[in-house]
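Asks: Provided herewith is a single structure, encoded as structure tokens, for subsequent inquiry.
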Amino acid sequence: MVNKWEHYFQQVFNNGKYHKLIISFFAFFIYANTTLNQFCVDDSIVITKNEYVTKGFSGIPNILNKDTFRGFFKKEGKDKLVSGGRYRPLTLVAFAILYQCVGANPFMFHLLCILCFILLCNFIYLVLLQLFRNQKLVSPIALAFLSTLFFVAHPIHTECVANIKGLDEVAALLFSILSFHFVLKWCDNNRPFHLMLSMVFLFLGLMSKENTISFLVLIPFATILFYKTSMGKTFKIFSALLLPVLIFLLIRGSILGWNPVEGISGELMNNPFLKFTNGKYVSMNLGERIGTISYTLVRYIGLLFIPHPLTSDYYPKHIVMHTMSSPISIFGFLGYISFIIVGMIQLKRNQIISFSIFLYLIPLFIVSNLVFSVGTLMGERFLFMSSLGFCILLAYVLLKYLNKTQVLWFSSIILFLYSVKTIARNMDWKDDRTIIFTDVKTSSNSAKINNAAGAVLLEDVMKDRESKASQVSLERAIKYLKKALEIHPKYFDANRLLGNAYFFKKEYSQAIAYYTEVLKYLPGDEESLTNLNITYREYARQLGMEQNNPTLAIEYLNKALVLEPNDQLTLNLLGVAYGTLSNYPKALEYFNRVLQLAPNSADSYFNLYLTYSNSGDKQKAAEFLMKAQNLDPNILSKYQGVK
């Protein structure tokens with residue numbers, strides 16, 4: 001029996017004839033169901049609501065010379081909500097080209113992601129073969145193959161492959177691995193062309209996402225470990241790779257500015273290292289910041305070993321603040337120090353272990369919030385590069401410490417469990433509604449996803465405000481939005497959406513309170529100002545017509561008029577309110593202002609007719625009735641019964 005399993009092992013792991021084909025089919029099989037998905041969450045930022053991407057070819061110049069988020073926010077300054085801005089144009093250029101060719105076709109965009117992932121996995125396999133070819137501790141081909149299979153199947157990657165926006169992570173690692181591949185080829189043959197290609201690919205990786213910079217260190221480090229390159233040759237590799245990094249930083253700086261921490265936000269959703277104290281947000285102190293980061297680093301390890309539950313949202317307070325006195329933070333801090341020490345110790349003893357550890361640590365360091373804030377406390381996408389180190393180490397441990405039969409069984413079980421979880425998680429990324437209402441159960445204490453759930457439900461309400469289903473959705477929306485505000489008391493979006501919710505409920509005084517709360521902190525917020533104007537007007541209409549309180553109605557109409565002095569509906573309602581109070585001169589004043597704004601409006605003339613008629617000026621009344629009828633012969637029947 002053992003011989004039979006050993007034979008299977010030889011056929012599967014040590015016969016590389018079909019490895020690339022197996023990797024390709026396996027990757028496609030794992031992610032094929034994503035082609036049934038729609039655009040989802042942040043896809044709107046980089047595709048469907050990005051004005052430069054939707055222009056196709058003509059939008060590419062703007063993609064290349066502006067912040068990545070500018071095409072979505074459309075306004076100067078809003079794209080700087082995250083500290084230092086973002087410059088990742090390459091995938092947006094790819095999206096623009098694809099949009100030009102196929103339009104907003106999610107199938108084609110998902111297919112692009114799958115194909116890029118397949119390409120990445122094949123080059124990971126090739127690079128690992130190159131790196132490990134002289135290793136005697138385990139079979140190099142088996143290690144490369146099993147490591148790649150673990151990488152293909154690991155569920156932590158779903159956020160990058162199943163979510164189209166995640167192509168930036170896939171492309172960044174793909175081009176980094178290609179750069180790695182050609183450096184290793186150059187080490188073998190000294191052909192300058194290969195070194196030049198490695199520089200080009202590293203630059204493309206940087207243009208995909210900034211964390212590619214970690215390979216500036218990792219590639220020379222690997223050549224020293226596995227190729228025993230001399231100091232001179234290593235310096236040449238580092239210098240060659242440094243050039244595209246400097247060019248990228250020069251381009252980035254000229255477009256976004258030179259301060260990587262410029263514009264650190266005071267909004268919790270863009271700067272998670274804030275705490276709410278004495279009614280205001282203040283920055284965490286150093287101990288709280290390091291404690292919280294240490295906790296997230298422990299969570300990352302946990303997700304690599306047991307990738308469940310997964311969520312797209314790690315915003316406050318799904319991750320809560322920890323101090324350095326917290327046991328789990330101490331454990332995380334000391335644990336990662338231990339990783340570094342073990343990695344250093346193993347530099348000469350076991351290069352595979354050392355490389356795996358630093359391949360995990362260095363890319364993670366870039367996105368850990370230790371250097372600068374990345375805008376959220378943690379994210380599964382941030383493990384995409386680092387997880388390769390974990391997959392190599394996992395494969396190595398199995399191959400080193402288990403016999404061939406055990407390796408087959410254990411690796412099969414791991415790959416089966418990974419695959420089931422990945423395929424199932426892909427379906428959660430079907431569309432906005434599915435991912436939001438799936439992940440709000442996991443991240444129930446996240447202000448952001450509670451707000452998103454409320455927003456989705458309000459979209460349902462807007463489609464049909466009167467149905468019973470809409471009323472149920474409205475109450476659910478309010479519940480989610482209030483939870484968001486409970487977590488983040490100064491959440492502008494949640495306040496604004498609650499204003500909308502109470503507007504739909506016709507509880508206008510509540511709506512006014514929430515819009516006013518937004519404007520307290522964002523005085524120029526156009527959406528809230530517009531909504532507040534409409535709410536003042538509708539509340540006044542309700543007060544005047546349903547509660548027979550024209551005096552209070554006038555008070556709110558005047559507030560609306562301050563916000564929009566030439567709003568015809570508000571002016572018209574003021575005329576009606578003053579007419580109801582028999583203050584005909586004021587009624588005429590407002591109706592005449594409406595007439596100036598809409599000189600061809602039969603309704604305006606008719607309101608003047610009614611006012612003159614009620615005031616006893618029959619001659620003027622007849623004059624304006626004639627003008628109204630000239631514009632609309634059916635005006636009398638339209639207002640039948642109105643006095």
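Sequential numbering from 1, following the chain as shown.
Each residue, glycine too, has its Cβ placed from N, Cα and C.
Checked TrEMBL, it gives:
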TRANSMEM  21-39  transmembrane segment
TRANSMEM  107-128  transmembrane segment
TRANSMEM  137-156  transmembrane segment
TRANSMEM  162-184  transmembrane segment
TRANSMEM  237-258  transmembrane segment
TRANSMEM  290-307  transmembrane segment
TRANSMEM  328-347  transmembrane segment
TRANSMEM  353-375  transmembrane segment
TRANSMEM  382-401  transmembrane segment
TRANSMEM  407-424  transmembrane segment
REPEAT    492-525  repeat 'TPR'
REPEAT    568-601  repeat 'TPR'
REPEAT    602-635  repeat 'TPR'
Asks: Over the repeat 'TPR' (568-601), what is the model's mean pLDDT?
Replies: 91
Asks: For the transmembrane segment (353-375), which stretch among 21-39, 162-184, 237-258, 290-307 has the most Cβ pairs under 8 A?
Replies: 290-307
Asks: Answer yes if the transmembrane segment (382-401) and the transmembrane segment (407-424) have at least three CB pairs under 8 Å among residue pairs 6 or more apart in sequence, and no otherwise.
Replies: yes
Asks: Can the transmembrane segment (137-156) be said to touch the transmembrane segment (162-184) if we require at least 3 CB pairs below 8 Å and skip pairs under 6 apart in sequence?
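Replies: They do not touch: fewer than three Cβ pairs between the two stretches lie under 8 Å.
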Asks: For the transmembrane segment (290-307) and the transmembrane segment (328-347), check the count of CB pairs under 8 Å (sequence separation 6 or more) and say whether it reaches 3 or more.
Replies: yes
Asks: Which sequence-distant residues neighbour the transmembrane segment (407-424)? Criterion: at least 6 residues beyond either end, Cβ under 8 Å.
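Replies: Same-chain residues near the transmembrane segment (407-424) but 6 or more away: 5, 8-9, 12-13, 29-31, 33, 146, 149-150, 153-155, 157-158, 307-308, 310, 394-395, 398-399.
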Asks: In the same chain, who gets a Cβ under 8 Å from the repeat 'TPR' (492-525) while lying at least 6 residues past its ends?
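Replies: Tertiary neighbours of the repeat 'TPR' (492-525) are 267, 269, 447, 450-451, 454-455, 458, 461-462, 465, 474, 477-478, 481-482, 484-485, 531-532, 534-536, 538-539, 542.
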Asks: Please report, as numbers and ranges, the same-chain residues at least 6 past the borders of the transmembrane segment (328-347) whose CB is under 8 Å from any CB of it.
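Replies: Distal contacts: 225, 290-292, 294-298, 301, 322, 353-354, 357-358, 360-361.
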